[in-house]
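Chemist: The ATP binding site annotation in TrEMBL covers Gly12, Ala13, Gly14, Lys15, Gly16, Thr17, Arg127, Gly172. Per TrEMBL, the feature AMP binding site maps to Thr33, Arg38, Glu59, Leu60, Val61, Gly87, Tyr88, Pro89, Arg90, Gln94, Arg133, Arg144. Residues or ranges marked as region 'NMP' by TrEMBL: 32-61.
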Amino acid sequence: MSARLIIVGPPGAGKGTQAMRIATTNGVPAISTGDLFRAHAKAQDELGKLAASYSEKGELVPDSVTNKMVEERLAQADAREGFLLDGYPRNLSQVDALDEILKGEKIDAVIELKVNDDVVVQRLLGRALEQGRADDTEDVIRRRIELYHETTKPIIDAYAKRGVVLSIEGEGTIEEIGDAIEKAVAEFLAQ
């Protein structure tokens with residue numbers, strides 16, 4: 001079943017893990033903006049150099065650059081019938097840009113992984129310990145979560161007005177969460 005999907009959730013919610021599963025189940029590519037940035041940087045193409053010029057200074061890559069990367073990726077053959085976006089759109093300007101890129105096609109569903117902030121903190125502290133990331137303190141993690149809520153709420157609200165947000169409980173095993181997502185998406189798309 002082809003579908004145009006977006007997945008959102010706080011850091012540590014398991015978006016990447018679930019994105020791969022959803023993409024496989026629905027036969028669509030999982031497209032992460034992080035992966036796009038890395039691919040363009042590795043290719044050292046015009047967009048990659050432009051993105052690097054900002055990120056090397058610790059600045060956010062402008063929407064225009066990110067939008068162009070997403071537009072180019074969605075134009076590729078494997079994404080024509082559907083896709084799963086992870087990490088995009090990140091703001092209302094990007095929501096509008098995605099509407100333009102889709103040229104009248106619609107996003108079928110936005111999968112919102114809901115995870116309690118304290119659970120996210122524990123997951124990320126555990127991950128930081130495993131990976132030796134001393135800079136990931138509880139204060140830093142809580143700030144990242146706060147930023148996530150501030151920036152994502154308007155996006156969720158915009159898509160909720162379109163009636164396409166599926167809120168999924170993001171606590172449980174990978175399989176339980178994945179099964180809940182698959183069931184919700186299949187039922188929603190069948191309507």
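Placement of Cβ uses the backbone N, Cα and C atoms for every residue, glycine included.
Each of the listed features needs to be described in terms of its position in the shown structure.
Modeler: Long-range Cβ neighbours of Gly14 (ATP binding site) (same chain, at least 6 residues apart, Cβ-Cβ under 8 Å): Leu113, Gly170, Ile174, Ile177.
Other Cβ atoms within 10 Å of the Cβ of Glu59 (AMP binding site) number 9 in total over all chains.
In the region 'NMP' (32-61), helix, strand and coil residues by DSSP number 21 helix, 1 strand, 8 coil.
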Chemist: Any same-chain residues 6+ apart from Thr17 (ATP binding site) with CB under 8 Å of its CB? Would you list them in sequence order, or say none?
Modeler: Ile174
Chemist: I'm checking region-level scores; what's the whole-number mean pLDDT for the region 'NMP' (32-61)?
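Modeler: The predicted confidence over the region 'NMP' (32-61), as a mean pLDDT, is 87.
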Chemist: How many whole Å apart are the CA atoms of Gly16 (ATP binding site) and Glu59 (AMP binding site)?
Modeler: 24
